[in-house]
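Here the structure comes first, spelled out in structure tokens, and everything after it is commentary.
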Amino acid sequence: MNLQENSSQQLKRTMKSRHLFMISLGGVIGTGLFLSTGYTLHQAGPGGTILAYVIGGLMMYLVMQCLGELSVAMPVTGSFQKYATTFIGPSTGFMVGIMYWINWVVTVGSEFTASGILMQRWFPDSSVWMWSAIFAALLFICNAFSVKLFAETEFWFSSVKIVTIILFIILGGAAMFGLISLNGTADAPMLSNFTDHGGLFPNGFLAVFIAMISVSFAFSGTELIGVTAGESANPQKDIPRSIRNVAWRTVIFFIGAVFILSGLISWKDAGVIESPFVAVFAEIGIPYAADIMNFVILTALLSVANSGLYASTRMMWSLANENMISSRFKKVTSKGIPLNALMISMAVSCLSLVSSIVAPGTVYVVMVAIAGFAGVVVWMSIALSQLLFRKRFLKKGGDVKDLTFRTPLYPLMPIAALLLCSASCIGLAFDPNQRIALFCGVPCIILCYLIYHFKRNVTKAKKISQEEYPADHIL
């Protein structure tokens, strides 16, 4: 492919509203919902689990409202990395971009490994490595061929997950209240699992607090819609609509599914169930429930990997476009694909995959810890960028009425987002299982700042040019 670097050869604006919506949902709905919810339910109880998801959803909603104002005013690829560069400082923009890139390349490698393991259910004698390589090659082709192919692939991947969740909520709710009979059960559970076995908070509020920390990270991925802003065909119209839809639908899907799970499965049994979704579908009497959910979870894994590969590639392109890393990574093909950035992102994802086998207790643990911590750091940067953007916008004589998308209740909403995200970070220190994210993430942030300041005399980061977005008078 012919790679070009001239200013006129930028990324292509070909994504439609439905693509933006599904890509954002695809990044957030993964195995955490389908597999890990049982563990959270066992840990925090039914009331604690729902409360944890409500607070996590609230945090996500606050951040998305901040991102909406920024993305509509400045619809550029790289999104929050460029916003952090312009409104917080170039060193913070560099840190945010690197942390977000690490987050996704590690995640993509993990998804490939998990996908290979799932395939062994149907092909027990096959190799995990073989399936991982096949899926990696397929997703690389989807991302390398054209933005439209990637977007369409992600649209259908995400559709499978969303249909499954909707069916689960409808059928599970019907079974919970006696409209559908459960196998081997005379009476519908109704709300008994919320009142029996210790009630809503059987393990106390400390368990709820710890669950809140882990669940708050489960919503990371919705910010992907900001990364797509620079390739949206009509950002002024599509981004506001997509952000509003993603925010409330994600909350409904997550909390609705968790409510049904909590009503149908006792919190005492939830910790030993491999997949609570399989258990519920099997109890309802859905034939081949395990195989169906194996396919859905496989689709979820590939969807997250697909979105993650896209996000890491665009973030690397954005860093190169800001003169923060080698200019080789901002070269694009004639179809607007940053192929060099795609290849290096895929290569590092594969190294992450290898480290999960070769050094699972050392290198891989550290990488996963940093990746998990990166999500909340990015959210904090979005909230702070919006706070500073609005302040500068008003100082330069801007009128809030001129903003197509306005963050409500400014400055309370971005401040609340910052406080909740900060609480999540601090809370990591109180959970022995998640403390490593804090211990590895903070040094990585410091290292990013040191690297940037070491290199700043060699390359200078550029602010978003006035041609790239309509709010040019705030600079």
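Even glycines carry a Cβ here, placed using N, Cα and C.
Note that the structure is a prediction, hence the values are computed from the model and not measured.
Pulled from Swiss-Prot, these are the features on record:
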type	residues	note
TRANSMEM	20-40	transmembrane segment
TRANSMEM	44-64	transmembrane segment
TRANSMEM	87-107	transmembrane segment
TRANSMEM	127-147	transmembrane segment
TRANSMEM	162-182	transmembrane segment
TRANSMEM	199-219	transmembrane segment
TRANSMEM	246-266	transmembrane segment
TRANSMEM	277-297	transmembrane segment
TRANSMEM	341-361	transmembrane segment
TRANSMEM	363-383	transmembrane segment
TRANSMEM	410-430	transmembrane segment
TRANSMEM	434-454	transmembrane segment
Maximum Cβ pairs under 8 Å to the transmembrane segment (363-383) - stretch from the list 44-64, 87-107, 127-147, 162-182, 410-430: 87-107
Any contact, the transmembrane segment (246-266) to the transmembrane segment (44-64), with at least 3 Cβ pairs under 8 A: yes
Proximity of the transmembrane segment (44-64) to the transmembrane segment (199-219), 3+ C-beta pairs under 8 angstroms: yes
Closest-packing stretch to the transmembrane segment (434-454), where packing means Cβ pairs under 8 Å, from 87-107, 127-147, 162-182, 277-297: 87-107
When counting Cβ pairs under 8 Å to the transmembrane segment (20-40), the leader among 127-147, 199-219, 341-361, 410-430: 199-219
Maximum Cβ pairs under 8 Å to the transmembrane segment (199-219) - stretch from the list 87-107, 127-147, 162-182, 341-361, 410-430: 410-430
